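*Asks:* According to Swiss-Prot, the protein carries these features:
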BINDING   349-356, 395-404  ATP binding site
DOMAIN    320-513  domain 'Sigma-54 factor interaction'
Amino acid sequence: MVRHADTPTDAQRAREQFLSTGALQPDAVASSVLNSWQRSRELHVHPDRVELPYVRDPDTDTPLMHAAAPVLRRMAEDLSDQSVSVVLTSADGLVLDRVAADTEFERVLDDVRLARGYSYAEEFAGTNGIGTALETGRPAFIRGSEHYVGTLGGLACAGSPIREPVTRRILGVIDLTCRARQADPLLFVLAKSAGSQIEDRLRTMNNETETALLDAYLKQSRRYPGGVLAIGGDVVLMNRYLRQALDAADQTVLLDHAAELTRSSFTSTTVAHLPSGASVKISAAERIIVGVRSDSVVFHVSVHVAESIPVRSSQHIPRLAGQSSSFRRSAQQVERCYRDREWVVIEGERGSGRTYLGYSVVHFVTPERSIPVLHIDNFDTPESFVAAFESETDSADFAVIVSDVDELPDEVLNPMAAIMQTRAGRGWIAATTSTERDSQLVDLLMLPFFTHTVTVPALRHRIEDLQELVPMILNELSRGEARMDGEAMRQLAKLPWPGNIAQLRHVLTETVRRQRSGVIGVDKLPAECRSVTRRKLTPLEAMERDAIVRSLLENDGNKADAAAALGMSRATIYRKIKDFGIA
């Protein structure tokens, strides 16, 4: 039985005593309330003012929203003659929906920002039915002065966590809020009942989705002779062809790429290079739609096993660092193409080292040769770029690298294609392109001249290569006078590296500016190494992130002091720390 202060006056006196002394007599309030007050105090929540951030627009297209919608409507109808609001939040306390029949009471809730898009997590709102339920993982009933923030003292709220039926992970909270003077234990019972109803609906929806996914998987398995892979929530289905063709490491990388496609609304096909040296083309064959969601997908997977090539040591091409089999396989394939004078497309993400790979291979095989690298940005006009390409490919045994052909302006594609047609069968051209290219003209006019495509893996897919890449780049930047300690290397290995090796070089350049010699610790890494977000920040966001990280370091990690030093509110710094993935 949850114990509360016997009267509103008791709770008010207890709160005032806690705020003035930081301590309370035993049993002055329920232990769950006291623990929450202590957390709120440590989080520097203002005890007298509501300082809630507008976090983001709620995502209404989620399983939680679809499962909760009819429950919220039914409860709102049942309570239509009462001043009670039904509130649904996400797992981070963001208010997703609010339903209330009493318009006057809705204005009261607006005044304290218990509204869509605002967060009622404890770190912002202190002790309350939503945030405390999320923090403890248990239902919470907070009445009147049991709220840490005095402005909320006129309310009572009963919150019950909503859990994913299979994993039991908290998805959000269902909360019933009324005026404190109208608080009734029945509110607590209703909130828990509503939470159970929503979980039941989630379970039913999961069953429907899983059944639909299984049906689609079986249908595609009958129709498609190659690999079939299905992903939906926590369910992964893989046919025998893939289980036999790919080992555990290959399957892990395949699932990583397929999961990215599942989340993407812009592309439905990708090519992945696997640790074994095989490559796979992954294509979305069928998206499963239950309700209005389509986060379950069945893929066709075609596996291309590389021809047997003896695995050489990592010193085979001295300029290249990396022990991962996927990267070494890429290097060996480019080398073979160069030795056989077969034109090759080297594709990969920006900054992954595509041009450098081609250049290093040529330098290794023919060290006496100087190979030109042509990039449109290095020329004043498109015409001068085309002229340089024509000149560099004029000899009988030419070799040239054209960087970022997917960025070439349309007006150079036809003349480039005409030149390549006259050069076919002699010399060697390597063209680099992005795996995310969106240029139909390049695909139509340029790529048909190339007989091979080699994919350079993203740095996050060969993170073990940091053990060679970091010392190599550091040695170059510091002339052999600096090295990373173990903690710094572990922090680098945690990062997603959306900018790949180019980003790594930038990070190490900034690091060497701070410490030019000796053993470099984690504290010398630049601010971006504290951010684990996979998206690439805009220049302005990167500046904000760096300023926040510096302030946190200068204030020993105290978020409130860091916010004050930056002249921003505590709510703002919490939101930006989360947005930027600052660890």
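Including glycine, each Cβ sits where the backbone N, Cα and C put it.
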*Asks:* Please compute the mean pLDDT of the model over the domain 'Sigma-54 factor interaction' (320-513).
*Replies:* 90
*Asks:* So what sits near Ser352 (ATP binding site) in its own chain, CB-to-CB under 8 Å and at least six residues off in sequence?
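*Replies:* Non-local contacts for Ser352 (ATP binding site): Val456, Pro457, Ala458, Leu459, Asn500, Ile501.
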*Asks:* Is it possible to get the count of other C-beta atoms within 10 angstroms of the C-beta of Ala396 (ATP binding site)?
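*Replies:* Result for Ala396 (ATP binding site): 6 neighbouring Cβ atoms inside 10 Å.
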*Asks:* Looking at Cβ-Cβ distances, which residues of the chain lie under 8 angstroms from Glu349 (ATP binding site) while being 6 or more apart from it?
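*Replies:* Spatial neighbours, sequence-distant, of Glu349 (ATP binding site): Ser434, Thr435, Glu436, Val456, Ala458, Asn500.
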*Asks:* Under 8 Å between C-beta atoms and at least six apart in sequence, can you list the same-chain neighbours of Val402 (ATP binding site), or say none if there are none?
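*Replies:* Residues satisfying the criterion: Leu374, His375, Phe389, Ile429, Ala430, Ala431, Thr432.
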